[in-house]
Amino acid sequence: MWPNASSLGPCFRPMNITQEERRLIASPWFAASFCLVGLASNLLALSVLMGARQGSSQSRSSFLTFLCGLVLTDFMGLLVTGAIVVTQHFVLFEWQTVDPGCSLCHFMGVIMVFFGLCPLLLGAAMASERFLGITRPFSRPATASQRRAWTTVGLVWASALALGLLPLLGVGHYTVQYPGSWCFLTLGTDPGDVAFGLLFALLGSVSVGMSFLLNTISVATLCHVYHGQATAQQRPRDCEVEMMVQLMGIMVVASICWMPLLVFIAQTVLQSPPAMSPTGQLSRPTERQLLIYLRVATWNQILDPWVYILFRRAVIQRFYPRLSTRSRSLSLQPQFTRRSTIH
């Protein structure tokens, strides 16, 4: 693929790094602790979600289904990628020796893209579901069920997987990244690499942008209904406020964790002169930036479950006691005021 590159496989680029440097950069204990904390956080969130789904309303049940899909995705992402990375950090194996045919590298590249895009796409799907539920309460079928929500989650998983498989079909390449412990898309000048990098960055950015737009409209609608003088009897239910607080938290976490990496990928593949040399080498500062941004993005999988755990109604009521005194039987849907007649 590159002149003078390794003949072992297409996933190996020239990378001048010593074993001692790798040991200093990749701490096995930090990686293991990071994964264990993330897995425990997601398991805790799943257990809380299972209890919350009992007896929940129709709209809340659908929202909790999306949350289950998100937490399951984060859990599996940490479990699968963590197993590879932690093992590499402890053993410090040479990737060329263990995986000369690049099968493991291709597998890791696919799951990195898959588990990276899924939270962003699920966030956009959740924002769309809440947008319709708040602004168009009568436009959705009354029989909206968990099955429909799970179907949407399945479509998101299928879309992310289809994108992750593109390099195996010839659009872009997965290569071993600095410091030699993980695989990801290539920030090169090959048209396929540029197209795949831009597609990944664009899809992720559009998902974040869509979430921001729809959530902003939904929150504005809630505030309008809540403070409207002529609609005093149309107060939002506690669960509506709770879901929007959680959704806003998920959106903020995704934006902070992922946007730096997405912007960096787009800038690097479009950079002139190219960031990658004809031999497939990236400058050390560029490699370090990519590693730092990837580590920041990985925090999304740990913070997502805590957004749900901490922003539940029971926790919010401790800081905002008025939430527990409002009637929970009131909804966003228009209500007809019955006029009393005097006989």
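Quick reminder: no glycine exception, Cβ is built from N, Cα and C everywhere.
According to TrEMBL, the protein has these features:
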type	residues	note
TRANSMEM	29-51	transmembrane segment
DOMAIN	41-308	domain 'G-protein coupled receptors family 1 profile'
TRANSMEM	63-86	transmembrane segment
TRANSMEM	106-128	transmembrane segment
TRANSMEM	149-174	transmembrane segment
TRANSMEM	194-226	transmembrane segment
TRANSMEM	247-270	transmembrane segment
TRANSMEM	290-311	transmembrane segment
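Contact between the transmembrane segment (63-86) and the transmembrane segment (149-174) holds: at least three of their C-beta pairs are under 8 Å, each pair 6 or more apart in sequence.
Tertiary proximity for the transmembrane segment (29-51) is limited to same-chain residues at least six positions away from its ends with a CB under 8 Å from its CB atoms, namely 64, 67-68, 71-72, 74-75, 78-79, 82, 85-86, 89-90, 298, 301-302, 304-306, 308-309, 312. Residues 25, 34, 37-38, 41-42, 44-46, 48-49, 67, 70-71, 74, 77-78, 115-116, 119, 177-179, 182, 184, 187, 242, 245-246, 249-250, 253-254, 256-258, 260-261, 264, 268, 282 of the same chain, all 6+ positions outside the transmembrane segment (290-311), place their C-beta atoms under 8 angstroms from a C-beta of that stretch.
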